[in-house]
Amino acid sequence: MGGSCAQRRRAGPRQVLFPLLLPLFYPTLSEPIRYSIPEELAKGSVVGNLAKDLGLSVLDVSARKLRVSAEKLHFSVDAESGDLLVKNRIDREQICKERRRCELQLEAVVENPLNIFHVIVVIEDVNDHAPQFDKKEIHLEIFESASAGTRLSLDPATDPDININSIKDYKINSNPYFSLMVRVNSDGGKYPELSLEKLLDREEQRSHSLILTALDGGDPPRSATAHIEISVKDTNDNPPVFSRDEYRISLSENLPPGSPVLQVTATDQDEGVNAEINYYFRSTAQSTKHMFSLDEKTGMIKNNQSFDFEDVERYTMEVEAKDGGGLSTQCKVIIEILDENDNSPEIIITSLSDQILENSPPGMVVALFKTRDLDFGGNGEVRCNIETDIPFKIYSSSNNYYKLVTDGALDREQTPEYNVTIVATDRGKPPLSSSRSITLYVADINDNAPVFDQTSYVVHVAENNPPGASIAQVSASDPDLGLNGHISYSIVASDLEPLAVSSYVSVSAQSGVVFAQRAFDHEQLRAFALTLQARDHGSPTLSANVSLRVLVGDRNDNAPRVLYPALGPDGSAFFDMVPRSAEPGYLVTKVVAVDADSGHNAWLSYHVLQASEPGLFSLGLRTGEVRTARALGDRDAARQRLLVAVRDGGQPPLSATATLHLVFADNLQEILPDLSDRPVLSDPQAELQFYLVVALALISVLFLLAVILAIALRLRRSLSPATWDCFHPGLCVKSGPVVPPNYSEGTLPYSYNLCIAHTGTKEFNFLKCSVPLHSNEDMVCSVSPGALIPPHGGEDLTSHPETLTSQAPPNTDWRFSQAQRPGTSGSQNGDDTGTWPNNQFDTEMLQAMILASASEAADGSSTLGGGAGTMGLSARYGPQFTLQHVPDYRQNVYIPGSNATLTNAAGKRDGKAPAGGNGNKKKSGKKEKK
């Protein structure tokens, strides 16, 4: 394949491939398809049915993408019919200039499979140009002595049309002195000349005017005219004579402009003015006059422009030598241009694939191109080659047409595009070459799965993070392009509950950012694992998974919680009893606290914030153990209070406080009075609520009393006097062994008085007797449930009727004397009957109270947890404290039927006055405050 661009180093395989590829190129090796059309054909005119001439059906036109290509595209193919249509204006004179034969070469390209067919369109000339004279006014001179038959040369007209449409004839208007003769030269050109018919007489007529008309051979013919003015001069009988009738010279096309080409010379045997010769171009094409210049005096011809053998191979001109007397003669000059290897080969891409799939098999055609060299002979023979380290190679089809095909596997991820440089070199000396680079883009297929940046991810997230905050980001890459490389992220697995994953975390499908959907709690969830998936959008889709472990870090968000000492169910505080004889270092109690945090945030330390007696107790910094720092002194109070702070090790640290109530006593009996008289801090808001409730209760009680009084009065009127006989002494008294003789059965009128303190505990006032009783009076039964009747006569009942319906004021002091106070078991004075129960009742009552306290503390309903009248006992005092710890309890017991509170012995030691008899009873704590 002489002009092949194939790579010579692979000659062996190509000898095998050539017979296989020959059928593929066979259509391009056949004779070209020829069409002939006239120039100036209208746009859209049909040149011929190209599809039919190629043997293609109408369906193949669009299916195989039939099209034509050329340097200057004057034609197009109808996509429906396959007709070859005129696309642009076709002017033969502009396209082919002075060439006699005008042809346009096209390449018809079809695909599936890819083939090329040669098409030649011959452009026929039409008479679209009229003849034209260079000068509309022609001035000639002739001597009157000129003999008949003397000829005067005229400038010919020019017509760019050829053949029959070129200039056919000349004519002039009739004149007795001149006639027109047409001279035909060797190349068929026609040149007009005037011939003198008879002698001139200058004295008779000094000038002659003629009209010269040039006609072409078109149908209808076109014409042009020029005015000839002939002046008659005196005689000049010797015309100039050239040294040669024809000058011929060969010039290299590389001759620079302005170089001397040829000098013509003529001689005249006349003398004087008649011997002075001037040189002019005659009967020369306008393009030739532009290419050359002629010195009128010397006859030197020079080139004005560079020669180009590929455009014009030969120039022909006529040079006229005219003497001063008007006689002239002509010679012919022929200049031939010699071809030089001055044109580099051209590479013209006729078809190029936009993209090549990276899985394309070897041998796939990706581009079609051709080469052209305007030089002739060996200077115009071209061979092509490309680089050897790329997976492409070149096959030559025919007539300098080539195919660029794949020659190996393609991988877009390694090489997304190839810059293929085609080098064309001619066989001139020296050889010239040119190159053309084309870029081939490799189209992507989804052949790569996403790859994560890390094999696994571990992130640390502090608890209490804001919901919606980003806690991590995973990133995957996919070297594919477009949708094949577009990655979406999702959560596919987790060690959390399947339905709870979305409530804990979410992942952005676009960025891979993992967001927390809620605030994490280290104490509930310390770590969890996710499996994230990166999936591309290719077809089929490819994916990859990665594990993400989230470690929830601890924050100091939980304050220490004190387990001991704890408050009772009703809010009362426990007391710890310390023996009075406790030595320094004695373990009194231990503050127990926990912290839900971990690490340093849960490292607790204990500190004393406030102590009623500083220096009496010590507190373990880490253990929380409360020990005595020294022995109890005589001046130290029996009741001590410690305010302990428990701090954790977080930053900033959190703390909790606990209040320890410590009582120095050797037995429970000593601390019972203190438990009853604990001060209770007052709250202004609670006091306001208390007063409101008391006021409401008083109004209700007054209303109830009014209703009861009205009912009692109505019943009193309706009952007979015999009914009241029951109130006589002894009528209703029941005696028997059940009740000791000190007591009588009866009913006491009572009322409830409810007080609410800020601690939330409720205080119940015991029953209040409506009639004041003396310690030496017995109780008798009355039919009316409203009063207790003293044993007097009937006149007392009638004289004091208000005692039945009203409540007497309480005694100013219900304290017992020292003789009346009960002692230890078995020490009761037998003379004070009717005041205290016997010792058996005393023992059973205390045991029942302690057991009830322990039982109620266990189920959260204790009434002995420190409220009013409960002695401040709690569950922890129940089981371990028995009667042996309480030798005497009666000094702290409220006496039913009295508004006064029996003060304890400590109250007397403090010298406090007894409560007044106004009927308003306060809690012991409030009395101390006021």
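The backbone N, Cα and C atoms fix where each Cβ goes, and this holds for glycine too.
Scan Swiss-Prot for N-linked glycosylation site across N419, N899 and the hit is N419.
Per Swiss-Prot, the N-linked glycosylation site annotation among the candidates N545, N742 falls on N545. Averaged over the domain 'Cadherin 3' (243-347), the predicted model has a pLDDT of 90. Contact count against the domain 'Cadherin 3' (243-347) (Cβ pairs under 8 Å) is highest for 31-133, out of 31-133, 453-562, 570-675.
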